[in-house]
Each structure stands twice: as structure tokens, then as C-alpha cells.
Amino acid sequence: MSTPAKPTSVESYKRLLSYAFKYKAYFIISFIGFGVFAAMEAQLINILEYFVDRLEGRPSAPVLGLSADVTSSLWFVPISVVVLSIIRGIGAYFGNFYMSLVGLNVITNLRRQIFSQMIYLPQSFYDTKNSGELISLLVYNIEQVTGSVTNAVKTLFRDGMSVAWFLAMMLIINWKLTLAFICVAPVLGGLMYIASKYFRKVSHKIQSAVGRVSHVATESIQGIKLVKSYGGEKYELDRFNDATNQNLHYGTKFERVSAFQTPVLHIVLALALAVTFYLIMILWDSDSSKAVVYATYAAAIAKPFRQLTKINSIIQKGLAAADTIFEVLDLQAEPNSGQQKLNAPKGRVELKDVHFGYNQDTPALNGISFAIEPGQTVALVGSSGSGKSTIVSLLLRFYDNQQGSITIDGTPIQSLELHNLREHIALVNQQTILFNDTIAANIAYGSEHIDEARIQDAAKQANAHDFIMALPNGYQTPAGEDGSRLSGGQRQRIAIARALYKNAPILILDEATSALDNESEKQIQSALDELKQGRTTLVIAHRLSTIENADTILVMDNGRIVEAGNHQTLLDRSGVYANLYHSQFS
């Protein structure tokens, strides 16, 4: 399959602008506001003509229906300056405010779109990304993109129209001098083109460095207990300093070129201005007031033009950020082509000759076949890396098997609508995840409607009700980030309560009691045994004592099932299972 051609800068920027142009009304108001601002800027300079005429005792020309007597009066210039400045301020307000509204809306909508995309991307995407990079994408990159649209457009509107007004007035006053003045435009354009390539290249590296900073910080903060207990503070500081130094290095390179580009452009502009002033002094043959106005326009044009030269670096930063954002937005969501839905399934699960590998060179499962009848419990045991958790991932379609079939009640899971499939499976794994929400919300997670009575029933079955009621606000107590306010055993019992609340016909327990002490495990085992009644249950266990009553125990090794039978049968064989069992109880 051929790789799609990388979009050009123009194509990328058009796509960026499409997000902003959804707010056309704001754009129009902003454009009008900046148009008024630029027009008043030009008229404030025009007032100089009347000022000089007054100083030299010459009558001023009539304007806007005002007679020469009015324009030559003592109060005309001061009053005009105040009135024009007020109108200019009003224009600037509307221009800036409504362009800011565009930026805020673009940031919000783009963040929502990228997060919505991330939520539905396949698990394989997260296997190759770290959380720091993705957080940086949501925060830093999106702000860079928005800046390249709104800030660049704002500068283009405000300063672009100022330059247009100034040049127009200069052409009206003396078109020959003005044409000579603008001959420097090709030189300025060439300098900006050269710089733009460098800006975009370095901006990519800056964003990568920011992602690494976020990644290191996220890892260190999430694992702060491990960091402290192992004395890893200095190591983490060194890692963070390395990441920030890399960011500083590329940021310095970017600013160095940006800082160098600006004075070079100013020097070129100053040379054009110097030539213009020289020509005015030797060639001007009309009123001195016109010469003053023309020279002021030529000098004043430098400021808005200087702002326009900064658009380049802003846009290049945004385009570099847009590359990473559009790369994620253009990814395919996890496959969900299934149309069938199971209503009240019995829960028969069958795997036939299932093969799967995370990469082509290393197969994780080789020809796995087994069936679990409704109400049965099947346990998977084996060493780490034998393929137990991979089977769980395939059942939930975090990945799709490459060969063979997986069915529920005879229906291939690829034929089922994804949400419907997962609706019928409750998972409790060894990595307990709790959200920074109330205990009740964590137990009822994924449900649109919270049933307080069902929550308490589930908590009681999971042996969690008593400790929850002892918390300051009971079920409304915040769990803290990742359940930080709870012990490991408490977090695991809430996770079990969550599975009980879901009341799905298929239950997966992936080391579900691994975080519990022996006493808590005994207390909860009876609840789990009751939960299993009438449900298809797949158990992955390290503690073999927890699966002695399983209907079938499958022993796995290197992606294959090497033994199968109940507890006593496998012990009598004196094979792999018996060795594992005796090693735990020796």
C-alpha cells in the first residue's frame, strides 16, 4: 500500500483555516473592526497636513463637507485627533475581541475533536504512544495551531490593512516615489521564504521535545511513591533536566533565527526609507505639508510591516503542530463494522484455532481453541508472557485475531457492534483504574443512569460497603486521582463492585484479587463465587488456590494450551500445572 503524499503547507493551512471560518460572523465583525482601525490610523496621519498648513499660515483644503474656514480653525486638528482616536479604539476593540472569540472556539472544538478521536482509536495506537506526548498534543500543539490561525489572521487584518491604507495614500500623494519604495518587496519575500523552511523544521523538534517533557513529568508524578521509596529523585531530576534542555536547545535555535530575521528585514526597510527621504528632499516640488504627510506614511508603514514579517514564524509553528494533529485526526478508528446485536445472550464463548501476534516476528497465540459454556468457569494459568491476557484483549476486541474465530453464542465477535459486544462483558483486571470522581460514580462507571440501591448492593457483594460508609461522605466521597485516597485492597474491591453493578453475562477476572491480602481475599472469594453463578467466567490467576473450583483449567505456555482439565485431574497428571501448584504450596 502506497503512503499518502504529505500535504503541502498551503493545503495544511487551508485545512486549519476551515476550523476558523466556521465562525464567519466573528471574522466579518473583526475584519470591519480592523478596517476601521486602519482607516483611522491613516486619517490621523492625514491630519498632519492641516497641522502644518496652520503652522505656516496657509488655508487648509475642505474635507468631508467641511469648509476651508473650519479645517483651518485652531480647534480642527485637536478635535479631529480625539474623535479619530476614539473611533480607532472602537475598531480595535471589535477587531481584537471577535478574533479572540474565534481563537477560543477553535481551541475548544479542536480539543474536543482530537480527544474524541483518541477515545475511539485502537489499542495499537496507544502501544506506540506515551501519555506525555498525547497530553502535549492536546495542550501545547493545539494552542500553537490556533495561534497560527487567529494571531496570524489578526495581524494580517490589522496590520495588512494599515499597510494597504498607507501605501494607497502614498500612491495618491506621489505614485512615482511609492513605486520606488516598494521595490524592496521581492527582497523581503525572499528572506521570509528562506526563514520559513527553517522555522517549520525546528518547530517539529520543539514539539517533540515538549512531548518528552510532558512524558517524563507524567511518569514521575504518577510513580512518585516508587521514586521516593527507591531514592530516584536525582534520576528523575536528571531525566527532566535532559528533556527541558533539549526543549531549550531547539527553542533557542528558533528564537535566534527569528531574532536575526527581524533586524535584517528592518535594515532592508530602513534602506528603502532612507532612499525615499533622500528623494523627497531633492525632488519634492509641492506643498511642504504634503511632504511631511508622505514622509510620515513612509516611516509609519515600518511598524505594521514589521508585525507582518512575524506572521511567518507564527504560521510555521502552527503548521508543524498541525502535522501531528492531523496525523492523529486522519487515523482510522478501531474497527466497528459489525451490525449485529446480542439481546440477553446466554454467554457461550468459543475460540477456534485462534492465532495472533503483536508483530509479525513474535506470535503471541498459536492455534488456541476452547469453549466456555454458559455458567461455566474456565481459568487460564501459566507464566508471564504465555498469552493469557492476550486472550482477554481479543475477547474485548482491543485487537482482532489474525486467524481463527471467536464467537459468543455462535456469533463471530467481529459481526457484533462493538459497544454491544463490550456491554455484555465485565472486566476486573490487576491494574485497578479509578477516576477522580465519587465512589458511587466509579462503581456505576459507564452507566447513563445511576441506581443508588444497585450501587450499594454491588458494594456489599464486593465486601466494600463497610469501608465506604466509614469514609467522610460515604458513597459521595471523591476517590482521588487513580483512587489515591484508598488502599490497594479498597481500590480492587471497588473495581469488583463495578463489575457486579454492570451485571454482564460474561465475566473476566484478570488477577482480580491480586491486590488483596489473604483475609480480604477470603472474604471476597465467596462473593465472587456467587457472582459466577449463571455467568460465563474467564479467570486469569496467579494464585492457584483461587481457581481450584474452576470447571476447566487451561495451562498456557508460549501462546499454546499445553494442559487442560479440572484441578484434581491436572494434579494427578503431575505435569506443568502440578509443578506450578506444588511450587506455590511447598
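Backbone N, Cα and C define each Cβ position, glycine as well.
Here Swiss-Prot flags GLY382, SER383, SER384, GLY385, SER386, GLY387, LYS388, SER389 as ATP binding site, drawing on sequence analysis. Positions annotated as domain 'ABC transmembrane type-1' by Swiss-Prot: 28-317. Feature annotation from Swiss-Prot assigns domain 'ABC transporter' to 349-583; the stated evidence is sequence analysis. The transmembrane segment feature in Swiss-Prot is assigned to 25-45, 74-94, 163-183, 264-284; the stated evidence is sequence analysis.
Taking the mean position of the Cβ atoms of GLY382, SER383, SER384, GLY385, SER386, GLY387, LYS388, SER389 as the ATP site, the remaining same-chain residues with a Cβ inside 8 Å of that point are THR390, MET556, ASP557. Here the binding-site residues are SER383, SER384, and the one ringed by the most other CB atoms within 10 angstroms is SER383. The binding-site residues under consideration are GLY382, GLY385, GLY387. Their Cβ neighbour counts within 10 Å are lowest for GLY385. Taking the binding-site residues SER386, SER389 in turn, the residue surrounded by the fewest other Cβ atoms inside 10 Å of its Cβ turns out to be SER389. Cβ neighbour count for LYS388 (ATP binding site): 22 (other Cβ atoms within 10 Å of its Cβ, all protein chains included). The DSSP secondary structure for LYS388 (ATP binding site) is helix.
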